[in-house]
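S.K.: Pulled the feature table from Swiss-Prot, pasting it below:
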- 286: active site, proton acceptor (ACT_SITE)
- 183-203, 266-269, 403-405, 428-430, 445: NAD(+) binding site (BINDING)
- 294, 297, 318, 321: Zn(2+) binding site (BINDING)
- 344-353: compositional bias 'Basic and acidic residues' (COMPBIAS)
- 158-459: domain 'Deacetylase sirtuin-type' (DOMAIN)
- 1-56: region 'Disordered' (REGION)
- 327-370: region 'Disordered' (REGION)
């Protein structure tokens, strides 16, 4: 396929209107509603704010499209199962050309010169043209294509020198400052459900409970209105025993070998502590069950103090509030707290109600204890951005992403924030389409890390790993850097 500029001589007229390639970046460039103005002389702070805001906005915009639009995998392009789509070879060439010449020149060479339709070009960047646009003029696909082009152009590019399992093992042995980014997939072998796996994930279970949006259970507004929704499923994600998976043990092994820079975990189960990973080596991006705080008085306790209530499906209440309520009940009547509002009193007086019957006094209730996990609508801990941008980014020499689909901002943008020359390995059951990793190791996380350790000559001791375990590793057809791990015996 010819992706070169028009032949020498008179160029054909450009089509109008052109794809607005910057459209996907407009929202990112707008100032945040509550953003503090940039102060001169505070370079580190302004850098953190601008980086974090841009990443957050970009991923939210992209996630909306990914939720609404069906994505195309490269294997579907390879197998030709999508009518009217690019072949995999064409798609790869389009992507390569985009990164070679930039967005503006790429649009001129393709859409502006009619070398390919916008509808077909969307498929090169992994987007299935939506059915509601079927029959529409090609210009109707331009906004969608603008998002696809901007997203692809911003993607980290794979390092061509890293492809094989041996390459992964060599990186593991030679690296000294490894960032490990983990998700729910590293805890599923312990019986803790993940969030997104079809039929088995936690979100699927919540859909069966009749929630409009499974994410509502982790929405801070919903929690404030009805904490019972969260506590109805909290027992399913609560770590009940001091166990840890082989993958947690692998992270501990990296620490013991002096190779672990930081474990950024999206998990809230705090199992890393069970494995012996030091607190100073962990950033709990979404908080954890390790502690809990009263939503009324901010009294903080160790998380295990509310475990019994959670296991029973009860809403844990603040012991400090209960103590204060009990003390208040012993005070003379005149010292009790009255209602703040006077309007209710006036309304009752007008209607002839007796306001001296004790209804003027509020009925005290203890506050609800909320585990210190980060709900949707709450800010991530400051430590996340501060450590990533001002400490780890300049030190890291290898990134290993394990057991996460990288769907939630801003953690999902960590691979793209780090220097592009740093090698990155992805370990999970299925590959991700929106991030380019250098090596994809597909399969059960525990199986993959145990085999990596075996090949590296490291001893990963764990009761869940059979000493006689044999693992078959097979390459994925059409992908030189993608490998599947399966236990064979």
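Using the three backbone atoms N, Cα and C, a Cβ is placed for every residue, glycine included.
Just tell me what is around each of these and how deep it sits.
M.R.: Secondary structure from DSSP puts residue 286 (active site, proton acceptor) in coil.
For the recorded site, residue 191 (NAD(+) binding site), the DSSP three-state label reads coil. Note: residue 191 (NAD(+) binding site) has no non-local neighbours, i.e. no same-chain residues 6+ apart with C-beta under 8 A of its own C-beta.
With a 10 A radius on its CB, residue 318 (Zn(2+) binding site) counts 25 other CB atoms from all the protein chains. Annotation note: residue 318 (Zn(2+) binding site) sits in a coil segment as assigned by DSSP.
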S.K.: Using Cα coordinates, what distance in whole Å links residue 321 (Zn(2+) binding site) and residue 269 (NAD(+) binding site)?
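M.R.: Residue 321 (Zn(2+) binding site) to residue 269 (NAD(+) binding site), Cα-Cα distance: 26 Å.
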S.K.: To the nearest Å, how far is the Cα of residue 187 (NAD(+) binding site) from the Cα of residue 318 (Zn(2+) binding site)?
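M.R.: For residue 187 (NAD(+) binding site) versus residue 318 (Zn(2+) binding site), the Cα atoms are 29 Å apart.
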S.K.: Taking Cα atoms as reference points, rank the recorded positions 286, 297, 318 by distance from residue 428 (NAD(+) binding site) and give the first.
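M.R.: Closest recorded candidate to residue 428 (NAD(+) binding site) by Cα: 286.
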S.K.: Within the domain 'Deacetylase sirtuin-type' (158-459), what mean pLDDT does the predicted structure show?
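M.R.: Taking every residue in the domain 'Deacetylase sirtuin-type' (158-459) and averaging pLDDT yields 84.
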S.K.: Return only the integer: C-alpha distance in Å from residue 269 (NAD(+) binding site) to residue 286 (active site, proton acceptor).
M.R.: 10
S.K.: Can you name every residue in this chain, apart from 294, 297, 318, 321, with its Cβ inside 8 Å of the center of the Cβ atoms of the recorded Zn(2+) site?
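M.R.: Output for this site, in sequence order: 295, 296, 298, 299, 317, 319, 320, 322, 324, 366, 367, 369.
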